[in-house]
Amino acid sequence: MNSNLVRSVIRKSLFQTGISQTRYISSSSITSIIRSSSENFVRERSSSNYFSLYRTLGSKTESVSTTELGSASAAKVEAALLKKEEQEKKNESVGGEKKETSVVVSSYWGVSRPKVTRDDGSVWPWNCFMPWETYRADVSIDLGKHHVPKTFLDKFAFKTVKLLRIPTDVFFQRRYGCRAMMLETVAAVPGMVGGMLLHLRSLRKFQHSGGWIKALLEEAENERMHLMTMVELVQPKWYERFLVLTVQGVFFNAFFAMYLLSPKLAHRITGYLEEEAVHSYTEFLKEIDSGKIENVPAPAIAIDYWRLPKDATLKDVIVVIRADEAHHRDVNHFASDIHAQGKELRDAAAPLGYH
């Protein structure tokens, strides 16, 4: 391509000067002709800052600017083009090696996502959960259940939760979307802490957990999915994110210490927290029914996770989340009752898959 460019310049110059192309011309004459023609070529385009000599390199087109050409002698043109071509080949070679390496690494470890589809044959869009982890919530559960505090620890747990509700009511008032978002960042902590400590206990004592590790981690994951759903509906402001960091940090450490000292108290407090969650989502539904909160379409993640109909709305989402919270209420009060009887959780079968 480069030699063709030089030949075309020579032919054009010879034709303009009337010199036969078959006539012998000295090398110094050729150099003079090339330099003169190149300078004329640049001057004709001096009104713009850049001009391009386009060449096809593979599937790409490349340009050389007048800043690289300087006075635009033929030798400089040729050198600039060669330099650009070599650099492009080098870049393509390096890029090809990187691409090939990444593919080799991926296939080497054998870690790849299997092809997963919905029931209708469409591609499954989520990596955070799979179709076999979805379920239909049991919305027929009794929402009015309440554990009446009788012992000192039960009363302490009940009053602690009621005190924690006061700053929440003051800060969020009737902004139930933001309230639910904050609630879920806290509600996902007890299951994770309990499951983690039971896991460590099982390792230390070489004992089975009776399924309770999995049950509590399922609860934590379910609460996290509540949060992922609410984030789709409510975009938290910067100060709400800061509040989440603060509350989660304090609550995690406090609950961790509490679970070490008294698992019975920790589970009882969690049970009362879930009772408050049921109440909060009931108030949320009242706001939707009254029209104060718009009943928008349900997020796609909620439709797939709870197997809701395609035309599901926010109300449908809140109904299934409330049902989940009621199930978590029952599980934690049940766990506390096991400890109250002087037994360990592994002595009773864990309510796995209790939704």
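For all residues, glycine too, the Cβ spot is worked out from N, Cα and C.
Remember, TrEMBL labels are computer predictions, not curated facts.
Copied from TrEMBL, the annotated features are:
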| type | residues | note |
| --- | --- | --- |
| BINDING | Glu184, Glu223, His226, Glu325 | Fe cation 1 binding site |
| BINDING | Glu223, Glu274, Glu325, His328 | Fe cation 2 binding site |
| note | The rounded CA-CA distance in Å from Glu184 (Fe cation 1 binding site) to Glu274 (Fe cation 2 binding site) is 10
| note | Given the binding-site residues His226, His328, the candidate whose Cβ has the fewest other Cβ atoms within 10 Å is His226
| said: Can you give me the residues near the recorded Fe cation 1 site, meaning same chain, not Glu184, Glu223, His226, Glu325 themselves, Cβ no more than 8 Å from the center of the site's Cβ atoms? | reply: Ala180, Leu183, Ala187, Ala188, Asn222, Arg224, Met225, Leu227, Ala277, Ile321, Asp324, His328
| What is the number of other Cβ atoms found within 10 Å of the Cβ of Glu274 (Fe cation 2 binding site)? | 25
| query | How many other Cβ atoms sit within 10 Å of the Cβ of Glu325 (Fe cation 1 binding site)? | reply | 26
| note | Among the binding-site residues listed as Glu223, His226, Glu325, the Cα nearest the Cα of Glu274 (Fe cation 2 binding site) belongs to Glu325
| note | Glu223 (Fe cation 1 binding site), Cβ-centred 10 Å count of other Cβ atoms over all protein chains shown, is 25
| remark: Same-chain neighbours of the Fe cation 2 site, Cβ within 8 Å of the mean position of the Cβ atoms of Glu223, Glu274, Glu325, His328 and not counting those residues, run in sequence order as Ala187, Glu219, Asn222, Leu273, Ala277, Asp324, Ala326, His327, Arg329
| note | One should report the C-alpha separation between His226 (Fe cation 1 binding site) and His328 (Fe cation 2 binding site), rounded to whole angstrom, as 13
| remark: Rounding to whole Å, the Cα atoms of Glu223 (Fe cation 1 binding site) and His328 (Fe cation 2 binding site) are apart by 9
